[in-house]
Amino acid sequence: METPSDENNKIREPFLSSSPSKGGFGTLPFILATEAFERVATLGLSPNMIVYLRREFGMETAKAANVIFFWSAATNFTPIIGAFIADSYMGKYRMIGFGSVLCFLGMILLWSTAIIPQARPYCDQFNTTCEAPTTPQLLLLYCSLGLISIGAGGIRSSCMAFGADQLDKRNNPENTKTLQSFFGWYYATVTFSALIAVTLIVYVQDNLGWGMGFGIPVMLMFGSAVSFFLASSFYIKLKAKTSLLTGLAQVLVASFRNRHIELPSHATNEVYHIRKGSMLQVPSEKLRFLNKACVIKDPQEDLTSNGDASNPWNLCTVDQVEDLKALIRVMPLCSAGIMMSVNVYQGSFMVIQAGTMDRHVTPNFEIPAGSFSMFMMISIVVWIPFYDRIALPLASKIKGKSVRLGLKQRMGIGLLCSCASMVASAIVEYTRRKIAIEEGLSDEPPAVVHMSALWILPFYILGGLAEAFNGIGQIEFCYSELPKTMSTIAANIYGFGTFISNLVASFITSMVNCWKRDGPKIYFYYTLNILQYEDYKYFLND
């Protein structure tokens with residue numbers, strides 16, 4: 001529950017006072033539409049990007065996959081940087097606006113590689129031979145992907161927390177339930193956007209060409225920016241206070257400088273430096289060595305006349321110490337989901353795998369290889385409302401009391417689903433290779449074997465459930481454990497885990513490819529399955 005002093009700490013822009021007309025559910029459609037358009041635009045580029053790099057830039061599969069892994073890693077890391085900048089300097093509103101502009105510019109550059117022949121290497125009409133891309137061509141490609149990553153990071157770092165700001169009233173007894181529903185429906189909206197991206201955008205790329213396929217995301221990104229700025233005057237805009245990153249660094253430096261002092265056995269508020277108006281009078285006993293950062297050794301030397309620290313690098317407040325402790329506490333549990341993300345985000349390899357299988361649903365219609373990830377999106381979109389509106393109310397009615405799965409329970413179920421998805425992938429790849437050998441196609445990797453691509457669906461469905469259980473659980477856990485001053489960071493810690501997972505996936509891909517060049521995918525899936533099982537055991541012991 002917030003106190004008046006907490007309210008005073010929320011520095012608002014003068015023309016955006018906390019009036020009844022500001023914030024609320026009415027602003028959410030504009031905020032959700034902003035990220036929805038951005039997701040359709042950026043995610044619409046991802047599924048077929050490996051095809052584009054192989055056909056239009058002549059890259060080998062492993063190199064193209066690594067480019068995509070690093071691009072995806074950057075896209076998942078930039079929200080963490082954006083979160084720190086938003087909380088410390090720019091504020092969420094400006095960060096989203098800045099990200100929208102950069103992402104739009106990046107998409108224009110990527111579009112130019114598709115519509116300007118000189119912007120990409122020459123390939124013959126059958127794309128069987130391609131010239132090596134020149135340095136300027138690669139520079140243009142990488143700059144476009146970089147701008148998209150930075151821009152998407154600005155938007156994704158702040159949209160969820162900015163939406164929560166419009167609803168978050170911690171003196172409301174229904175606040176926790178409201179935010180929990182918001183996070184779930186936010187995730188469902190983003191996933192539905194991804195579903196549109198991997199179906200309609202991919203279909204356009206496959207059937208109308210890269211120019212149209214990359215041009216539509218440009219228009220959607222423009223719509224994203226317009227949607228956000230339309231409701232500008234109705235938002236609650238919390239201004240950034242101080243540099244959060246600097247505050248955390250000060251705790252580490254101060255605790256190291258004060259490492260030789262003895263902590264008091266009986267803590268009192270006279271011993272520790274307390275921020276004015278703070279409810280925290282003494283630090284917690286966990287990670288006790290950090291408490292040395294807020295111990296007042298000599299009031300005459302350590303404090304100014306108004307009670308502030310003479311040198312904030314020698315003396316920090318109890319709030320600063322507890323902020324760092326909270327961040328450290330959430331990292332081990334969230335890191336347990338890294339291997340889940342490695343497993344779930346194997347889209348590039350799954351596109352290649354689906355392309356070598358029979359994708360026909362009817363004699364005249366086949367699913368584009370890049371659109372198979374829609375089944376993961378569908379499983380998320382279906383499961384979230386089913387869980388929130390049907391499963392939980394029904395269980396509560398049967399039990400006669402409110403029933404909800406705990407955060408750790410949901411995260412554990414997600415890890416199990418992820419492990420099962422990789423078992424399914426390994427079995428499918430083993431069967432596909434066996435059929436290819438029997439049909440004499442082992443030396444023709446692009447050849448289509450007589451095996452339905454629908455056998456891939458268990459991977460996507462289980463992967464979707466893993467995301468729904470573990471992903472949302474991690475976001476809720478971080479948001480509930482971290483203080484409100486770190487709300488943007490809390491909403492993006494899961495993305496940081498995804499960033500690490502993409503680097504891990506790139507490393508594993510390179511290692512397995514060097515080890516088994518004749519067919520790395522089956523060994524790749526087995527390796528991921530073993531690592532996922534070890535990750536699950538780590539989670540249980542955490």
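Placement of Cβ uses the backbone N, Cα and C atoms for every residue, glycine included.
Remember, TrEMBL labels are computer predictions, not curated facts.
Copied over from TrEMBL:
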- 68-86: transmembrane segment (TRANSMEM)
- 98-119: transmembrane segment (TRANSMEM)
- 139-164: transmembrane segment (TRANSMEM)
- 185-204: transmembrane segment (TRANSMEM)
- 210-236: transmembrane segment (TRANSMEM)
- 330-352: transmembrane segment (TRANSMEM)
- 372-390: transmembrane segment (TRANSMEM)
- 411-428: transmembrane segment (TRANSMEM)
- 448-469: transmembrane segment (TRANSMEM)
- 489-512: transmembrane segment (TRANSMEM)
Recorded stretch that, among 68-86, 139-164, 185-204, 210-236, 372-390, has the most CB pairs under 8 Å to the transmembrane segment (448-469): 372-390
Tertiary contacts of the transmembrane segment (139-164) (same chain, 6+ residues out, Cβ under 8 Å): 27-28, 31-32, 34-35, 38, 42, 45, 57, 67, 71, 74-75, 77-83, 86, 92-93, 95-96, 98-107, 109-110, 112-113, 119-120, 133, 179, 182-183, 186, 224, 235, 475, 479, 487-488, 490-492, 495
Contact call for the transmembrane segment (372-390) against the transmembrane segment (185-204), three or more Cβ pairs under 8 Å: yes
Spatial neighbours of the transmembrane segment (68-86) far in sequence, C-beta under 8 Å, 6+ residues away: 42, 46, 49-50, 53, 92, 94-95, 99, 145-146, 148-150, 152-154, 156-158, 161, 240, 244-245, 345, 348, 488-489, 491-493, 495-496, 498-500, 502-503, 505-506, 509
Folded-back contacts onto the transmembrane segment (210-236), same chain, C-beta under 8 angstroms, at least six residues removed: 12, 16, 18, 21-23, 26-27, 30-31, 33-38, 40-42, 44-45, 48, 52, 56, 93, 96-97, 100-101, 103-104, 107-108, 110-111, 114-115, 155, 162, 165-166, 201-202, 204
